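Listed features, source Swiss-Prot:
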- 67, 68, 69, 70, 94, 118, 145, 146, 147, 148, 284, 285, 329: carbamoyl phosphate binding site (BINDING)
- 177, 241, 245, 246: L-ornithine binding site (BINDING)
């Protein structure tokens, strides 16, 4: 008796062919699956077990911004998976300058199996996905940073063994892409995300509405507050990002506004978890914690500051997990790429997770 044929539809993955443009486009269970898959692939890497799920695939890496972690992570992840990554920087292609996003997408989609884009406009990355016909992965836009989120919550899960019920406090500019992504993703996964920032730098109503909608189902309690003591109380994770992005001009105003929100050891003690092993510090990097960079020296010269968003003491402390977090960019991006392009057998994802 011959075995029944299994059609492609029957073995198709719930992720196959999909783009990751923003966290909210996936279900909470799917985001959690990618977190766990990233942890699995990290274990395979550590044990030198091959996992060439993308053998023969070609991947375009489109960068409009400079990058250390995202570029390195996508490159090494693609190679580990057996794929060939091709870096195309701002000076290499005509995207948005001499050629429309639609035309560029159609051309690249005919040559590459998937596209990563790190740029500015969310609409641009959405148009790449719309017209290319291949999976597109958002490596960062002004609105969202979804690949960073898989790495971040991988790091949290590695350290605490679970996600639901934890409290993550982001301190700094609450209007940027990191704050947006953290409060939405945390609300999806049952993590209480507090944005601690001056009132003028709180997330938009639109972002808070998205977070609150997910929180209704997950039980998370998202919060935006300017009160540092209230915001950090009970925190398990204190998270920071740069106060001003490279190329922005409003440094003086932003530095003055955010200096009271610098992460210090005293702030960590305010959490109530500094001495019980239930507190870590995270930062998506780069960080201005000393004067060992050109920007650090410029900041010291202009504002008399040797540290900005985080003190060097905290950055180098026992709480610090930013380099573990940075390594996890590679493992998490590998999970995203393999799940959406690798023709893996993932017919469903469990709805219940910790």
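Placement of Cβ uses the backbone N, Cα and C atoms for every residue, glycine included.
Distribution of Swiss-Prot features across the structure.
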residue: 67; record: carbamoyl phosphate binding site; DSSP class: coil
residue: 94; record: carbamoyl phosphate binding site; DSSP class: coil
residue: 145; record: carbamoyl phosphate binding site; DSSP class: coil
residue: 177; record: L-ornithine binding site; DSSP class: helix
residue: 241; record: L-ornithine binding site; DSSP class: coil
residue: 284; record: carbamoyl phosphate binding site; DSSP class: coil
residue: 329; record: carbamoyl phosphate binding site; DSSP class: helix
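Sequence-distant neighbours of residue 177 (L-ornithine binding site): residues of the same chain at least 6 apart with a C-beta under 8 Å from its C-beta are 140, 141, 142, 143, 144, 145. The Cβ neighbour count for residue 284 (carbamoyl phosphate binding site), using a 10 Å radius over every protein chain in view, is 24.
Counting in whole angstrom, residue 67 (carbamoyl phosphate binding site) lies 15 from residue 241 (L-ornithine binding site) by their C-alpha atoms.
If you take the Cα of residue 241 (L-ornithine binding site) and the Cα of residue 284 (carbamoyl phosphate binding site), they are about 6 angstrom apart, rounded to a whole number. Among the listed binding-site residues, namely 67, 94, 147, the Cβ with the most fellow Cβ atoms inside 10 Å is that of 147. When each of the binding-site residues 69, 145, 329 is scored by how many other Cβ atoms sit within 10 Å of its Cβ, 69 comes out lowest.
Residue environment of residue 241 (L-ornithine binding site) contains 24 other Cβ atoms, counted within 10 Å of its Cβ in all protein chains. Overall, the recorded carbamoyl phosphate-binding residues 67, 68, 69, 70, 94, 118, 145, 146, 147, 148, 284, 285, 329 cover a maximum inter-Cα distance of 30 Å.
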